[in-house]
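> Next up is a structure, given as structure tokens.
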Amino acid sequence: MQKNDRTHFILSPGRLYRQDNNIYFEKFDEMGERASCKILPVNAIDEIYMLAKVQIDTYTIAFLADNNILLHIFSPYQSFRGNFYPNTPNSVNKSGFVLLCQLRSFDDPIKRAYIAREITRAHIINDAANCKRHGVKFDVQPHIKALDAATSVPAIMAVEGAFQKLYYEKWNEIIADQRSFKFTVRSKRPPADKINSFISYVNTRIYNICLSEIYKTELDPRIGFLHEPNYRALSLHLDLAEIFKPILGDTLIFNMLNKKEITAKDFQTDAGRIKFSNDAVQKIELKMISRLCETLTVGGRELTWRQVIRREANKLKKCICEDAPYEGFRWE
């Protein structure tokens, strides 16, 4: 499935392979036999999401790398498993100077806390704006005051955690179908119910979108400021995603549920885990891609949401390298 955005989704079992300097996907039937085959032109794709059992060899992976095509890999239960990012001469060059600045900023507790605080401030403001757009009041001033008083990253994360708990409680005032999608508590790995499954799937998409845009800059995605980089391979994309999850993720969930574009019938239980049907994934991705292709005026320029995210990463780079003030993107 591909509808603009240069992103392709594989939702069926099969084989991804290189032939004649192009990529092909061979779809399997229920017996594991070839059912169909289609070409995926390398000059029309930037990313491939694999959400099914797919065979792929190193020859094909090397070809994807040579053409700067990213792979995002999911389990059959739609749990995110990892990324493959090219590391070739054709990739965006990373700057040693930027890396040193990023490390110094991370190692400076005052600078790191400043960046983490401003990311969290934008997150809180965007969550509140989301509530307001759906007719729900949310006074965030006590949380902003607590955030301003937080001087360390653990203290900032504690403020964010307390706020997020209250924000999720507001979801029950926004989502109409409380019978099927009432929010009680956030659960992950695996999600305990349909609403948590929806949140996890959409959040993972936002994380990977942010990661893709970071890779187009000189920033190193391994070094985050709000999220600790010591127990995960990458963390900077999680920081940026805090700003954009309310805008690109939560709004999609609210709108699709309240318009009944996604209902309880779109979920399946497989080996005790809740996941979307393939039809539901296609509906969600069409909405997500449509949203990413929308334009808005930022800084006097018409930008898509992907470009806004990349701009945010470059704002962060300017703060890190030039000591410029940083203000996270606010959804006014």
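From the backbone N, Cα and C atoms, a Cβ is placed for every residue, glycine too.
According to TrEMBL, the feature Mn(2+) binding site maps to E160, H227, E242.
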> Note the Cβ centroid of E160, H227, E242, the recorded Mn(2+) site, then list each other residue of that chain whose Cβ lies within 8 Å of it, in sequence.
A116, I119, T120, H123, M157, L226, L238, D239
> Suppose we draw a 10 Å sphere around the Cβ of H227 (Mn(2+) binding site). How many other Cβ atoms does it contain, all chains included?
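H227 (Mn(2+) binding site): 19 neighbouring Cβ atoms within 10 Å.
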> Going along the chain, which residues six or more apart from E242 (Mn(2+) binding site) have their CB under 8 A from its CB?
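Once residues fewer than 6 apart are set aside, E242 (Mn(2+) binding site) is near I119, T120, A122, H123, E160, L226.
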> DSSP on H227 (Mn(2+) binding site), three-state: which is it?
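Note: H227 (Mn(2+) binding site) is coil by DSSP, not helix or strand.
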> Just how many other Cβ atoms lie inside 10 Å of the Cβ on E160 (Mn(2+) binding site)?
24
> Is E160 (Mn(2+) binding site) helix, strand or coil when read with DSSP?
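It is helical.
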